[in-house]
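Take a look at the structure below.
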Amino acid sequence: IIFSTPFAVISYFLIWFVPDISRGQVMWYLIFYCTFQTLVTCFHVPYSALTMFISREQSERDSATAYRMTVEVLGTVLGTAIQGQIVGKVDTPCIESPFFIGKTNSSVALEELNMTHDTGSLTDTRNAYMIAAGVIGALYVLCAVILSVGVRERRESSELQSDKPVSFFQGLKLVMSHRAYITLIAGFLFTSLAFMVSTAGLGGWGRGNGSSAEGHHHLLLFPQLSATLTIPLWQWFLTRFGKKTAVYVGISSAIPFLIMVVVLDSNLIVTYIVAVAAGISVAAAFLLPWSMLPDVIDDFKLQQPNSHGHEAIFFSFYVFFTKFASGVSLGISTLSLDFAGYQTRGCSQPREVHFTLKMLVSAVPVGLILLGLLLFKLYPIDEEKRRKNKKALQDLREESNSSSDSDNTELASIV
């Protein structure tokens, strides 16, 4: 975490910097974007795995996960608000041109639009994005310092004294053959992809319904803000009714609101309602699988009592699938809109774009949610099994500790 932070901040700033070169800008952005994502992974994996080194108690780890996810979503809200307020102050008017709207190749249209765009406005926009990147980078450093100084690792809290180390590749093979883990990450992948696609579609939907640049950023705030406020509700719900029940109820609750986008006439009010409802389900979709992961690790420890130290493998693949879902959702939404003829900064869009946005906001997420819920149905750890695992693991630790105490006593008597 300490090593990756300064380089991550620098690479993030360079993503928003416009180099004064005539060729190679695509490679510039590709290199620094991939570098930033790699360095963020260096932060995210150990940060997430720290949950296992806080406490042995399942309830305490669930509580820590709820706090962590609340602050993560709150940080996303803060970042979106900062960038939205700074960039939204720069007025970038749309361009009304039927000639461009009729084009099917959006990249060509974008190039010609940029040729006619006012240079001063472009400069203001560039500066606004770099200022926002500087502010967010400073917050990144501040949070990394607080984490490094304020959290102490307690590795003994997650390890049995009888554990023997296993090589990384052996551990990877064991982890990826664990049924509970495979079903959990598969369900997590499809539900995450559903909400990421719908969120990306909502941004374009808001633009298509005439929201300004600042209003566009405000629209993106709604699902994140509602997710932040409802995470404590889902934390209470899972302790009261169980995690699998909370997953079914929380994630499926978004389906009726996503269908509303297709059934009702398109307007900004419906979009905001769908955004808030999606945020409520996003809270369940991200909190609950993360709170279920420690249960999977406990189940793995009982099945593989002679292996330990695999927490980083469990969490790193979880982070990988989160990033994979993010990349796929961006690819789906961007390519779909490009094929439909979406025009950046266009005052109006072709009919094909509106149809594509409806699919991205409604049909595609609903299908992915149903597939994810089907996979969660196969997840084998229910509340009864979770309680049994907790007791069995506690008995195993007590047996290990008593054996160690007996050995120490015998050694002392010999001395």
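Here the Cβ of each residue, glycine as well, is placed from N, Cα and C on the backbone.
Note that the structure is a prediction, hence the values are computed from the model and not measured.
Database features (TrEMBL):
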type     : residues : note
COMPBIAS : 391-400  : compositional bias 'Basic and acidic residues'
REGION   : 391-415  : region 'Disordered'
TRANSMEM : 26-47    : transmembrane segment
TRANSMEM : 128-151  : transmembrane segment
TRANSMEM : 180-205  : transmembrane segment
TRANSMEM : 217-238  : transmembrane segment
TRANSMEM : 245-263  : transmembrane segment
TRANSMEM : 269-291  : transmembrane segment
TRANSMEM : 312-335  : transmembrane segment
TRANSMEM : 355-379  : transmembrane segment
Folded-back contacts onto the transmembrane segment (217-238), same chain, C-beta under 8 angstroms, at least six residues removed: 62-63, 66, 69-70, 73-74, 76-77, 80-81, 83-85, 87-88, 199, 202-203, 206, 211, 245-246, 249-250, 271-272, 275-280, 282-284, 286-288, 291
Which of 26-47, 128-151, 245-263, 269-291, 355-379 contacts the transmembrane segment (312-335) most, counting Cβ pairs under 8 Å: 26-47
Same-chain residues at least 6 beyond the ends of the transmembrane segment (269-291) whose Cβ lies under 8 Å from its Cβ atoms: 48, 61-62, 65-66, 68-69, 73, 184, 187-188, 191-192, 194-195, 198-199, 202, 205-206, 209, 219, 222-228, 230-231, 233-235, 238, 243, 246-247, 249-254, 256-258, 260-261, 318, 361
Stretch of maximal Cβ-Cβ contact with the transmembrane segment (355-379) [cut-off: under 8 Å; candidates 26-47, 128-151, 180-205, 245-263]: 180-205
Residues from the same chain, set at least six apart from the ends of the transmembrane segment (128-151), whose C-beta lies under 8 A from its own: 1-2, 5-6, 8-9, 12-13, 15-17, 43, 47, 50, 75, 78-79, 82-83, 86-87, 89-90
